Amino acid sequence: MSKDIATPGRTTEILKKYGFLFKKSLGQNFLIDSNILTRITDTAEITKETNVIEIGPGIGALTEQLAKTANEVVAFEIDQRLLPILDDTLSNYDNVRVVHNDVLKADVAEVITEQFAKPELPLKIVANLPYYVTTPIILKLLHDNIPADSMTFMLQKEVADRISAVPSTKSYGSLTIAIQFYMEAELAFIVPKTVFMPQPNVDSAVIHLKRRKEPLAKVNDEEFFFEVTRASFAQRRKTLWNNLASKFPALKPRKEELIEGLNAIGIDLIRRGETLDIPEFAKLSNFLADFLAEK
């Protein structure tokens, strides 16, 4: 059996063998600490009755750990230069398939059906996400309604803080709401920048997202709900009124009527967006949708 990939020596050996040079544009940072990999698979609760989608396998360090613990692993890799390396490093595992595709452009549901021998098994998504595409990837997976029980991501600590934030904190914002509306979010542990090659400028964190049985609040129009939440954080230091009136100019001539209606459901327009929790944003968006629809 070959040595684990996730060590400084083995990673350097693989990179030299293939003359691989990191592409900064792809945000490539490879893990060189196998203990972190074990903690990731433990956090994700991977078992032999679990299928896993991995995004951005790199040279296969996390993929290898997933292959040891999961039923099957399907990994999306955008960098064609890594395909022969992955063929080599993962040659001992017959339960891994690498798909050369950009997950942002892929039909992930179709890949699940085509690539897994038992697509009916519980699905989990695990990834060491490049910093520059973290948010688009997570939001795509949520909006495409990929049937994953959970998603476990290693990402920039600042982004993990934003995803797992609570109201009235600096990190709380529209990203928090976009994810926590559908998923329970737990920041599992911090990953120091020293366990990557090359070493990034900031620490990372592993976040575990578990799908809720139902969205956290009932909204009449999800698209409008997210439009309202984004508008409410457009300028964080401004009040709800200032941000919403800027987004929806039709509110301006009816300000007093709006204040009265929102006060009746416990929402004061002099508050800032960061003070509202998700159920309050749901009440706000449902009210605004009806209010704006009135002639």
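One-based numbering along the chain as shown.
Cβ atoms are placed via backbone N, Cα and C, with glycine included.
If you look up Swiss-Prot, you'll see N29, L31, G56, E77, D102, N128 marked as S-adenosyl-L-methionine binding site, on the strength of sequence analysis. For G56 (S-adenosyl-L-methionine binding site), the Cβ neighbour count at a 10 Å cut-off comes to 22, with all displayed protein chains included.
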D102 (S-adenosyl-L-methionine binding site): tally of other CB atoms within 10 A of its CB: 12
Largest tally of Cβ atoms lying within 10 Å of a Cβ, found at which of the binding-site residues N29, N128: N128
N29 (S-adenosyl-L-methionine binding site) in three-state DSSP notation: coil
Neighbourhood of L31 (S-adenosyl-L-methionine binding site) by C-beta distance under 8 A, where only residues 6 or more apart in the same chain count: A6, L37, G58, A61, L62, N128, M154, V195, F196
